[in-house]
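The next block holds one structure in the form of structure tokens; read it before the comments.
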Amino acid sequence: MAIKDWHEDDRPREKLLKFGAAHLSDAEILAIFLRTGTQSQSAIDLARHLIEQFGSLAELLAAPQETVLACHGIGPAKYAQILASLEIGRRYLDSQLKTGQGLGRSQMVKDYISTHLRGEPREVFAVLCLDNALNLINFEILFTGGISSCSVCIKHVLRHALSHATSQLIIAHNHPHTDATPSTADNLLTYELKKACDLIDLSLIDHVIVGRNETLSYAENCLAPFG
């Protein structure tokens, strides 16, 4: 049965407007962006199939272009719609953080970093430079490594921070193929960078790790040296 023939309260767009986004499943949200399905599938059926195929909505959004385009029912137009939905979220978070409306909220910081780092096929290391009011001055990926490690130069991180006249910073990196549990090397880097920042009156306020399916904040979890 086509979605237009469903009861009004069950149609994704009408359901969204009447009850709010919290009442929609991932498949229903995705179906709104897909707009149409195929000859044999409704937009919701197609959305469910994609999420099942990739394992989660997050995995779908992080998948390489060629992998998504190889899926039945997904052409360039639908893929562009999926990318646009992700970019809308990124730009919203970016605007919030640049006006100081989000950096005091741990979840928004994690969401912002996650939208930028999840999907990177290799391990990368990024720095968020902030002013005293926690407005975002700059976000940049400074180092790119391999599939399971990334070399970081602490002196380069400090030079980068000073070049943006920042007083506070957050560091972040990803685990492309594992969960967000910090490794011994992650903990050592965090400690050494915190010590180096303290010497030049820079405040390192968090280290965020983006795993395959979750994001971890050192500060939120009171992990050393923030605990």
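Each Cβ is built from the backbone N, Cα and C atoms, and glycine gets one as well.
Matching Asp186, Asp198 to the Zn(2+) binding residues that Swiss-Prot gives (His173, His175) identifies Asp186.
With the fewest other C-beta atoms within 10 Å around its C-beta, His175 stands out among the binding-site residues His173, His175. Note on Asp186 (Zn(2+) binding site): other Cβ atoms within 10 Å of its Cβ, all shown chains, come to 18.
In this structure, His175 (Zn(2+) binding site) belongs to neither helix nor strand by DSSP; it is coil.
Each residue of the domain 'MPN' (102-224) gets a DSSP state, and the totals for helix, strand and coil are 38 helix, 34 strand, 51 coil. Cβ atoms within 8 Å of the centroid of the Cβ atoms of His173, His175, Asp186 (the Zn(2+) site) belong to the same-chain residues Glu123, Cys150, Asn174, Ala180, Pro182, Ser183, Ile209, Val210, site residues excluded.
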